[in-house]
Amino acid sequence: MTPWLGLLVLLGSWSLGDWGAEACTCSPSHPQDAFCNSDIVIRAKVVGKKLVKEGPFGTLVYTIKQMKMYRGFTKMPHVQYIHTEASESLCGLKLEVNKYQYLLTGRVYDGKMYTGLCNFVERWDQLTLSQRKGLNYRYHLGCNCKIKPCYYLPCFVTSKNECLWTDMLSNFGYPGYQSKHYACIRQKGGYCSWYRGWASPDKSIINATDP
């Protein structure tokens, strides 16, 4: 068993494309949570891949060209390889070689970066402007906040550091408006609230239910 199998229970997020094969089940996660809970967050292009005999179905090792690092400077300042299960049923991730730039998140084990379908992985050109700004600085500002999923009504925030995440109600579990355009940021008095990014955060207005 590779270290990635143990990782699946630690970090759930939306994957690239669909949800993957039958046995791979992931809990939805806002991109900010994926950012804050990852050891490594980078923008990179895949330039090669190989299959190594590690784990029940082998491990895919992607060679990447790192464009920018957003998180993980102390863990692994430069990433050259990323590891994932070869089988999609074990949440292995399939990436195109020499085609796209990707936003990649993952964990570090024994000096190696591991990722998969349950991590937040997306083509860079598919990210919204708000998500890109979130990666640069907004998500980091909200790592002490808690994004609380709402799966059915009624649902409420129960502490001042929570933002209510309602994408599951309107988008059936897939990334919605809050995921694409909002960050949960700490405001005046320690309260956390959703921030669109159209203007500087208002330190005098607290709205934990917006949008």
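Positions of Cβ are set from backbone N, Cα and C atoms, glycine also.
Long-range Cβ contacts of CYS24 (Zn(2+) binding site) within its own chain (separation 6+, distance under 8 Å): GLU88, SER89, LEU90, CYS91, GLY116, LEU117, CYS118. Annotated Zn(2+) binding site per TrEMBL: CYS24, in sequence order.
The feature disulfide bond is assigned by TrEMBL to CYS24-CYS91 (among others).
The disulfide bond annotation in TrEMBL covers CYS26-CYS118 (among others).
Per TrEMBL, disulfide bond is recorded for CYS36-CYS143 (among others). CYS143 (disulfide bond) has a Cβ environment of 16 other Cβ atoms inside 10 Å.
All protein chains considered, the CB of CYS192 (disulfide bond) has 25 other CB atoms within 10 Å. Annotated disulfide bond per TrEMBL: CYS145-CYS192 (among others), in sequence order.
Per TrEMBL, disulfide bond is recorded for CYS150-CYS155 (among others). Applying an 8 A CB threshold to same-chain residues 6+ apart, the list for CYS155 (disulfide bond) reads LYS148, LEU164, THR166.
Residues or ranges marked as disulfide bond by TrEMBL: CYS163-CYS184 (among others).
Residues or ranges marked as domain 'NTR' by TrEMBL: 24-143.
According to TrEMBL, the signal peptide annotation covers 1-23.
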**Asked** When you put CYS192 (disulfide bond) at the centre and draw a 10 Å sphere around its Cα, which of the disulfide-bonded residues CYS26, CYS36, CYS150 have their Cα inside it?
**Response** none
**Message:** To the nearest Å, how far is the Cα of CYS36 (disulfide bond) from the Cα of CYS145 (disulfide bond)?
**Reply:** 10
**Item:** Least buried by Cβ count (within 10 Å) of the disulfide-bonded residues CYS145, CYS184
**Value:** CYS145
**Prompt:** Is any of the disulfide-bonded residues CYS26, CYS143, CYS145, CYS150 within 10 Å of CYS184 (disulfide bond) (Cα-Cα), and if so, which, in sequence order?
**Reply:** CYS143, CYS145
